[in-house]
Structure formats: structure tokens, C-alpha cells
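A.B. asks: Okay, handing you the structure first.
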Amino acid sequence: MNLLISDLVDRSITVPSNGIENFTNKLTINIKIPIYREFFKTKRNIHFSIILLVLNVKPAMSPIVAQNLSSNNDSSTPYLQHSLELIASESSTATAPSSTLGQLLQHVGDTRKEATGDQTSVHELLVDISEPHPIPFVLSFNNLTYSVKVPRKMALPGFFRWSGGSAAADAAVVGNPLAAGDSYFTRTKILLNDISGEARDGEILAVLGASGSGKSTLIDALANRIAKGSLKGNVTLNGEALESRMLKVISAYVMQDDLLFPMLTVEETLMFAAEFRLPRTLSKSKKKMRVQVLIDQLGLRNAAKTIIGDEGHRGVSGGERRRVSIGIDIIHDPIILFLDEPTSGLDSTSAFMVVKVLQRIAQSGSIVVMSIHQPSYRILGLLDRLIFLSRGQTVYSGSPTNLPPYFSEFGHPIPENENKTEFALDLIRELEESPGGTKSLVEFNKSWQNMKHNRDSEPDQLGLSLKEAISASISRGKLVPGATNDINSSSMVPTFANPFWKEMVVLSKRSILNSKRMPKLFGIRLAAVLVTGSILATVFWQLDNSPKGVQERLGFFAFAMSTTYYTCADALPVFLQERYIFMRETAYNAYRRLSYVISNALVALPGLIFLSFAFAMATFWAVGLDGGLSGFLFYFLIMFASFWSGSSFVTFLSCVVPHVMLGYTIVVAILAYFLLFSGFFINRDRIPGYWIWFHYLSLVKYPYEAVLRNEFENPSKCLVRGIQIFDNSPLGEIPSAMKVRLLQSVSKSLGVRITRSTCMTTGLDILKQEGITDLSKWNCLLITVAWGFLFRILFYFSLLLGSKNKRS
């Protein structure tokens, strides 16, 4: 039953001495907080108020509740201290008349008002002291089976032996039973074979086994990281099948590799995780408080201001990095936490500290499922349930305390001074190498489980439905992102914790902060642009308006436009470095993929603007380009559009090609093709019809034509006068007097008077010669910008389709 404290005023609860232990046990179960039971042994008749006042609320409550209480500790100390003194005085007076609950609460309330000024009534408290609270969450998995097709080794003698009918011998060689889907070229490899078990909140389930036994595969199966069509069996939470959307919100997956931004500090890393994963209803101060509590919980206080670090920057230790990786995934207090070998690569002390942290997480009301290779004796004492795997089959499932009787009954007792798990793993390895394999141990485990089930077949405690359990968990302080405790609401657990714009702001802030800590990257890029611009400026210094000047301008524009695209190639490793961080964060709905795409573009824009302006300033007036201020502004805009489209193209390519060296090779090759078909080396009219499509797909074509129009579309600008028409011909070397006479002869033949100053070729004539007649310079600018947006859209869809993070 539920007792409201205000209903107990002027009533006493008398607990017999032989019922004290049972009574305190019930209270501990229901309120989920430990009770100082020693006090109850000193007094037979106790008031309910005394029970309430001797509760220690911090250790077992949800972290957010604990931190709220801890923030008020200073103010609550006076009246609690006074109340405890009152209790002590009651206890010491055996014959003293028993005060009523109302009197005690009144006294506590008066003291509380004097100490804090808080007018809240002390009577307003609800406690369930009737039925034992059911276990909130039970993750069950039954008959999980998963297999993949692998190429068969086609050694010639083995081929004839297989095709000759000795299939059984071949199956024995590969170590797996022959499946119906086997062929001459592939065989079926069973990674999981009929795995069953369960994990409960407050406990750590550890999956053990040798390398290749299926530990990581089982964790992936439970975490919904295997495609539904490939995995057989079922995984349920509180008896209900877990939807992918629900699992993403209430769970977290810690990968084996520590995927973190190297230039962020521990505190900043956790704070950004809090911004992504904590409910939008929490204030900034509450989120900061949660981060500080988590830092203490993870034992990272001394490293809070230290950067994560990488190969080139000294940062935190390996054990601290691992705890930070765990911290960013538990910041939202997930109901289920999956970890793939969290102790891998750590020394024994660091590994123990990591598992100790996981134990505290479990005790706060979470289910913790982890794989571990070979736990030490101390770590074994922290684990609640074990599953030993051998080649995808269960050879033991149960408590660590049942390991000695289990192997004793199997006929291999564990020596007293030997590590239980080391003995078990060594025995399993010996059996795997024996002719019969681990079949005997697998069969023994099945009979052991059946016998144990029959012996312990007591009715389970009343369980909660999934929605009710989540609602109760939220009420208890669980930080399910953005959730409400309305179990009738269809959106009780939303897909994302934050709105779209909030995600963009946080992503942009993180990216800018990480980039500011690595100024060398942008500095090198700026230096490359300035050096290139300076070389071009000095080589093409102050070009004149002559036929040779025209050709030199064409060469300058072609090289300048292609340089902007090649300079963007350095953006290739940027996303490749963030790729797995992005996949980890979006796999469990930390933010939307669209938010990442837009923030990635927005953060890139200031740098592109600065690079464009630097290149335009270094080349425009030095080369002697035409157009004045308006011409410079357009030149700057087309440079910026080129950097924008080039950066977008390389970003899209980095998502499609996941390797740096291969990506650079593809970028350089494609940009060379773009330049080839841009119209500089061969005019559009001369390109073969079967290649003309590539001319219109060339990214260099449009900015190249735009700068040519910006330079040559002035009809009053004369580029070739009189005798200059002979400059690009074999007659260019003859004396000027001879050129004048030749010009006069041409004039008489044509019947047109041509002098030394007669304009023979204007800018429009150059554009016609180059085949640039279709698009205006502003259309070319808009198309170049549109290419950038198109590649950003393709980048989004490639993220959407290529980051499922699931096994097939």
C-alpha cells in the first residue's frame, strides 16, 4: 500500500523485534535506498518518522537525483542534524513517552524553516511499504543464431576431395557443420548458435571466451547491430520485443576503440555529450552539474581539464580515455549499456577501475552487458552473471559463484588457489583442440541449466510492462532523453533529445572549438593558397592587352580555377577522422544526420571566405585583370563559389571512399578530368560527341567561363590592333615596316581601311573563339554554387545510407 506521510500524523508504527529485519528489507527494496539497520536493533517501538530521518539517500539513487540532493546538502544539514539528535535522545530514554509522528514532523519542519526558509511541508512524501517492488527491467534473449557466408579455400586437392563426396571430412576441416546453403566456393560459418540468457538491471552480465568465440557478435546482436533478416531468435525487454527506435533512445553502445576528438578536454567532451543526449527540459546549469557528478563517478577529476590527446599531442592516459568513452555514452543515464571489451589494452589497475565504474552504473538502475577477454580475480568479484562462449555456443551461463560446482560436476574441479575464469578458459581451449571439441561441455551446460531451472522454479516477481517500467524509471530520475512519464503517450520516448536548431548549434560549437585548438591545419592551407597566388602573380605580372597577353590570361585562369579545387583536397581527411565518431553518435540518435551536414557546411564557410579573399587579393591587381572594383568583387565571388563547390565535392567523396590514400588518388584523377574537359585545352565545339557530357559535368568549366566573361565581355576593350594580328603567326618575327605594308595590302584586297591602331579583336571575339557563348557570368556563378549544394545533398544521402552501422 502507499502511505502518505500526512495520513500518518499522530499515528505510530510499532515493529516487533522479530520483524525488524523483514520490515527494513521491504523499505530498502521499495524506496531503493539503504537503511541504517543497526538503529532498529536498539529500540522495539519506533516511529515511522525515525525511519524516514535515518535514510541515506545518495548512493543508490539516479545520478541526477543524487546531484540535486548534493547541491542542497549545505542547507539541509542543520535541521537533519537536529532531527537525528532528537532521535538519539528518544532512543536513549527507554521509558520516555512515545511522541507522535505529527509532533516529530512538526519539530523537523520548524527546524527546517529556521535553517533554510523553505515553507514546504515535511508531510508531503509518498512511500510504498506494501508489496516488494518488481524488478524494473529484464533483458532476455532466446535462441539467437547468426551465420555468414565466407569464401571457401580452393586449394586444388581440397576441391577434388570436396567434389568427390567427402563432404563430412571437409566440414570437419572447416570446423562447422555443412549447411544447406554451402557451395563449391562458399561455406556457412556459424558465429552464434542457439544462445539464450538474460540480464537484469542492477547487474553486470559479462560475455567471456577466446578470440573468435563470438563475444562481440553476441553484443552486436543484443544491441540491434545485426540486420533483422540475418539474426534468428528474439531479444526482449520485460517480455516485449525491442523496437529499433526505442532501443536507440534507452541504450548506449561503447565501442572497443576510443573514438574521441583529440583537442577537447575531458570536461568539454562530456559537456558536449550532455548537450546532445540530456533532455531539452534540463537547464544549462543542471547539465553542467550532471557532468561534474559524472566526472567524479568516473574518477576523472584530476584529468577534467586535460585534453584527450593523440599521437602528436600528449593527453590523458589509456585508462582515462576508456572511462571518457564510457562517460559520453552514459551521460544520459541509459537503461541498457552495451560495451565491447572495455578493458582491452588496459593494465590490471585501470581495467579494475573501469569495471568498478560499470558496477556503479549498474547499481544506479541500469543493465550492463559487456564482453571481456580474461578478467582478473578482482574484476570477477564485480560481475554478477557470466556467459562463456566457444565457437558461437554457450558452454556456461550463470553466476561466478557457481563456477566451482559446475566444473566439479563436469569432472574438472577448479583448484583452490587458481583464478576461476582462467581455469575455465584454459579448459575450453583444451577441449576446442581435442577431436570432440566442446560438444560434451555444451551438452553438459544444457543439462545443468535444465536441472537448475527445475530446482529453482520459484515464481518470478511481478514484472512491469516496458512502458510502465520506463515511466517508473523516469519518475525515479532516469535521464531518458526528453522523455515523459506519461505511459499513454505515443511519444513517451522521442527519437531525439533536442530540436534541429539546437543540434546544429552544438555541433558547430564543437567543431569550431576543435579547429581552434589545431590552428596549424588552417595555417598550412592558407599558406598554400598564398604561395600559389604569389607564384601566379609574379609569373603573370601585369599582363598587357596583346595576343600573347590574351593567351597568358587564358592560361592563368585555367590554372587558378583548377588550383582552388586542388587546394580543397585537404578537406578529405577531416571527415575521415570524424567518420567513426559520427557513426557512434548517430547510431543511438545523439543528433540528426541533417544537423551534422548543415553544421559541417556552416563551419566551413568562414574559412572558405577567408581563403577566397586572400587568393583574390594576391592575384587580381598583380596580374592586371580588368573590371576595376566591380570586377574584383565578382572575381572574389567566383573564387568563393569554386572553393565552396570543391570543398563540398571532396567532403562527399570522403564519405564514399573511406581510405585517405585511395581518396587522394581519386580526387586528383577526377579533378584532372574536370580540367581536361573544362574548355581550356580543347574548345567545346571540338570535343567528341561521346565525351561532351563530361564537359557539362566538369566543375572547372563554369568558374573558368565565368572569369573569362568577367575579363573579356567588355565590348569596348580592344585586345588586338593593326599589325598585332601577325604576332601569333610565322610573320610575327618580320620587321614592323614590313608588317605595315602587308597590312596595307590586306586593306586594298578587302576594300577596308586598316591602320596600325585599328581594333582587330575585342573581348567578345575572344569569347566566341573559346566557344563561350551559352551562359552569362552570373549564371555560371549560380551553377557553381548549385554544384556545392548538390554535393552536400549527396553527402547527406550517403551518410543516411552508408552509416547504418549494422552487420549484414
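Here, residue 1 is simply the first one shown, and the rest follow in order.
Glycine is treated like the rest: Cβ placed from N, Cα and C.
Small disclaimer: the values here were computed from a predicted structure and weren't measured.
Copying in the features that TrEMBL gives for the protein in this structure:
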DOMAIN    173-416  domain 'ABC transporter'
TRANSMEM  522-543  transmembrane segment
TRANSMEM  555-576  transmembrane segment
TRANSMEM  597-620  transmembrane segment
TRANSMEM  632-653  transmembrane segment
TRANSMEM  660-682  transmembrane segment
TRANSMEM  781-802  transmembrane segment
A.B. asks: Summarise the model confidence on the domain 'ABC transporter' (173-416) as a single mean pLDDT, whole number.
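C.D. replies: Result for the domain 'ABC transporter' (173-416): average pLDDT 86.
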A.B. asks: Please indicate, using numbers and ranges, the residues of the same chain that are 6 or more beyond the transmembrane segment (555-576) and have a C-beta under 8 Å from a C-beta there.
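C.D. replies: Answer is 521, 524-525, 528-529, 532, 536, 540, 543, 582, 600, 604, 611-612, 615, 619, 623, 639, 642-643, 645-647, 649-651, 653-655, 658-660, 663-664, 667-668, 671, 674-675, 678, 680, 699-700, 703-704, 707-708, 711.
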A.B. asks: Taking 597-620, 632-653, 660-682, 781-802 as candidates, which has the most Cβ pairs under 8 Å with the transmembrane segment (522-543)?
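C.D. replies: Comparing 597-620, 632-653, 660-682, 781-802: 597-620 has the most Cβ pairs near the transmembrane segment (522-543).
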A.B. asks: Should anything in the same chain at least six residues away from the transmembrane segment (660-682) have a Cβ under 8 Å from its Cβ atoms, list it; otherwise answer none.
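C.D. replies: Tertiary neighbours of the transmembrane segment (660-682) are 554-555, 557-558, 561-562, 565-566, 569, 572-573, 576, 650, 653-654, 691, 694-695, 697-701, 704-705, 770-772.
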A.B. asks: So which residues does the transmembrane segment (781-802) touch in its own chain, when a touch means Cβ under 8 Å and the partner is 6 or more beyond its ends?
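C.D. replies: For the transmembrane segment (781-802), the far contacts come to 582, 586, 593-594, 596-597, 601, 634, 637-638, 641-642, 644-645, 647-649, 651-652, 655-656, 699, 702-703, 706, 775.
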